[in-house]
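The structure's right below; bear with me while I get my questions together.
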Amino acid sequence: MAMLRSLLLLFIVFSMGNAEVNLVKKCPYGWTNLGVRCYKFFSQMVTWITAEKNCQSLDANLASVHSKIENDFLLSLLPSSSTRCWFGAHDGEVEAQWLWTDGTPFDYTHWAPGQPDNKGEPRTESCGELNYESKNNKKI
(Lines of atoms letter the chains of each structure in order from A and count residues from 1; the text may use other names and numbers.)
(Lines give C-alpha, C1' and ligand atoms only; values in the text may rest on other atoms or scores of the structure.)
Protein backbone atom coordinates (compact mmCIF):
# COMPACT_ATOMS: atom_id res chain seq x y z
CA MET A 1 0.00 0.00 0.00
CA ALA A 2 1.20 3.50 -0.72
CA MET A 3 2.89 5.42 2.09
CA LEU A 4 0.85 8.27 3.49
CA ARG A 5 2.24 11.75 3.93
CA SER A 6 1.01 15.13 5.00
CA LEU A 7 -0.31 17.40 2.32
CA LEU A 8 1.35 20.62 1.30
CA LEU A 9 -1.02 22.58 -0.83
CA LEU A 10 -0.18 25.26 -3.30
CA PHE A 11 -2.91 27.67 -4.24
CA ILE A 12 -1.85 29.68 -7.25
CA VAL A 13 -3.30 33.15 -7.63
CA PHE A 14 -2.32 35.00 -10.78
CA SER A 15 -3.39 38.54 -11.57
CA MET A 16 -5.37 38.31 -14.81
CA GLY A 17 -6.27 41.21 -17.06
CA ASN A 18 -3.97 43.64 -15.30
CA ALA A 19 -1.12 45.21 -17.28
CA GLU A 20 0.91 45.74 -14.11
CA VAL A 21 2.84 42.85 -12.62
CA ASN A 22 1.94 42.22 -8.98
CA LEU A 23 5.03 41.19 -7.03
CA VAL A 24 3.02 40.37 -3.91
CA LYS A 25 -0.44 38.82 -3.79
CA LYS A 26 -2.89 39.11 -0.89
CA CYS A 27 -3.84 35.62 0.19
CA PRO A 28 -7.00 34.27 1.79
CA TYR A 29 -7.05 34.03 5.58
CA GLY A 30 -4.82 31.22 6.82
CA TRP A 31 -2.66 31.18 3.70
CA THR A 32 0.88 32.56 3.35
CA ASN A 33 2.14 34.29 0.23
CA LEU A 34 5.44 34.25 -1.58
CA GLY A 35 5.30 36.60 -4.55
CA VAL A 36 2.14 35.95 -6.56
CA ARG A 37 1.42 32.53 -5.03
CA CYS A 38 -0.37 31.55 -1.85
CA TYR A 39 0.52 28.46 0.16
CA LYS A 40 -1.07 26.48 2.96
CA PHE A 41 0.08 23.37 4.78
CA PHE A 42 -2.63 20.81 5.49
CA SER A 43 -1.80 18.05 7.95
CA GLN A 44 -3.73 15.20 6.37
CA MET A 45 -2.50 11.64 6.02
CA VAL A 46 -3.34 10.92 2.38
CA THR A 47 -1.72 9.45 -0.72
CA TRP A 48 -0.06 11.75 -3.24
CA ILE A 49 -2.90 11.42 -5.76
CA THR A 50 -5.51 12.15 -3.08
CA ALA A 51 -3.49 15.19 -1.98
CA GLU A 52 -3.42 16.51 -5.55
CA LYS A 53 -7.16 15.87 -5.97
CA ASN A 54 -7.84 17.73 -2.71
CA CYS A 55 -5.82 20.65 -4.06
CA GLN A 56 -7.69 20.61 -7.35
CA SER A 57 -11.00 20.76 -5.48
CA LEU A 58 -9.76 24.16 -4.24
CA ASP A 59 -8.66 25.24 -7.75
CA ALA A 60 -5.05 24.64 -6.70
CA ASN A 61 -2.20 22.15 -7.06
CA LEU A 62 0.46 20.62 -4.86
CA ALA A 63 3.41 23.00 -4.58
CA SER A 64 5.88 23.34 -7.42
CA VAL A 65 9.41 24.48 -6.57
CA HIS A 66 11.38 26.72 -8.93
CA SER A 67 14.19 28.12 -6.77
CA LYS A 68 16.14 27.67 -3.55
CA ILE A 69 14.18 30.59 -2.11
CA GLU A 70 10.91 28.81 -2.82
CA ASN A 71 12.28 25.50 -1.49
CA ASP A 72 13.40 27.16 1.76
CA PHE A 73 10.06 28.96 2.06
CA LEU A 74 8.14 25.69 1.75
CA LEU A 75 10.36 24.12 4.41
CA SER A 76 9.54 27.05 6.71
CA LEU A 77 5.85 26.10 6.50
CA LEU A 78 6.47 22.61 7.88
CA PRO A 79 5.43 22.36 11.55
CA SER A 80 8.43 20.30 12.72
CA SER A 81 11.73 18.81 11.66
CA SER A 82 10.16 15.35 11.42
CA THR A 83 7.41 16.46 9.01
CA ARG A 84 7.46 15.02 5.51
CA CYS A 85 4.97 16.12 2.91
CA TRP A 86 3.97 15.76 -0.71
CA PHE A 87 4.75 18.36 -3.31
CA GLY A 88 3.76 18.54 -6.98
CA ALA A 89 6.62 16.65 -8.68
CA HIS A 90 5.74 13.45 -10.52
CA ASP A 91 6.97 11.24 -13.35
CA GLY A 92 3.69 9.43 -13.80
CA GLU A 93 3.53 9.89 -17.58
CA VAL A 94 7.08 8.89 -18.59
CA GLU A 95 9.49 7.33 -16.08
CA ALA A 96 12.28 9.76 -15.06
CA GLN A 97 10.69 12.65 -16.99
CA TRP A 98 9.64 14.90 -14.12
CA LEU A 99 6.69 17.28 -14.33
CA TRP A 100 4.85 19.66 -12.00
CA THR A 101 1.13 19.13 -11.46
CA ASP A 102 0.51 22.84 -12.12
CA GLY A 103 2.05 22.58 -15.61
CA THR A 104 4.94 24.97 -14.94
CA PRO A 105 8.42 24.06 -16.28
CA PHE A 106 10.41 21.55 -14.21
CA ASP A 107 13.39 23.87 -13.88
CA TYR A 108 14.70 23.28 -10.34
CA THR A 109 15.62 20.26 -8.24
CA HIS A 110 17.17 19.75 -4.84
CA TRP A 111 17.16 15.98 -4.65
CA ALA A 112 18.52 14.17 -1.61
CA PRO A 113 21.81 12.34 -2.32
CA GLY A 114 21.13 9.32 -4.53
CA GLN A 115 17.62 10.47 -5.44
CA PRO A 116 15.66 9.84 -7.46
CA ASP A 117 16.63 6.17 -7.28
CA ASN A 118 13.36 4.43 -8.19
CA LYS A 119 13.99 1.64 -5.70
CA GLY A 120 11.11 -0.55 -4.65
CA GLU A 121 8.29 -2.06 -6.63
CA PRO A 122 7.83 -0.84 -10.22
CA ARG A 123 6.01 2.49 -10.43
CA THR A 124 6.12 2.96 -6.67
CA GLU A 125 8.39 6.01 -6.63
CA SER A 126 6.76 8.42 -9.00
CA CYS A 127 5.85 11.33 -6.71
CA GLY A 128 7.71 14.09 -4.91
CA GLU A 129 8.19 14.27 -1.17
CA LEU A 130 9.65 17.25 0.70
CA ASN A 131 11.35 16.82 4.05
CA TYR A 132 12.94 19.12 6.59
CA GLU A 133 16.48 18.16 5.65
CA SER A 134 15.97 20.52 2.67
CA LYS A 135 15.94 17.67 0.21
CA ASN A 136 13.45 16.43 -2.32
CA ASN A 137 12.88 12.72 -2.52
CA LYS A 138 11.13 10.51 -5.01
CA LYS A 139 8.55 8.43 -3.18
CA ILE A 140 5.00 7.21 -3.05
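Placement of Cβ uses the backbone N, Cα and C atoms for every residue, glycine included.
Any TrEMBL annotation is an automated prediction that lacks curation.
The domain 'C-type lectin' annotation in TrEMBL covers 34-130. What TrEMBL lists as region 'Disordered' is 112-140. For 1-19, the entry in TrEMBL reads signal peptide.
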With DSSP helix as H/G/I and strand as E/B, how many residues of the domain 'C-type lectin' (34-130) fall in helix, strand and coil?
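The composition, in the requested order, is 19 helix, 27 strand, 51 coil.
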Averaged over the domain 'C-type lectin' (34-130), what pLDDT does the predicted model reach?
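PLDDT averaged over the stretch: 87.
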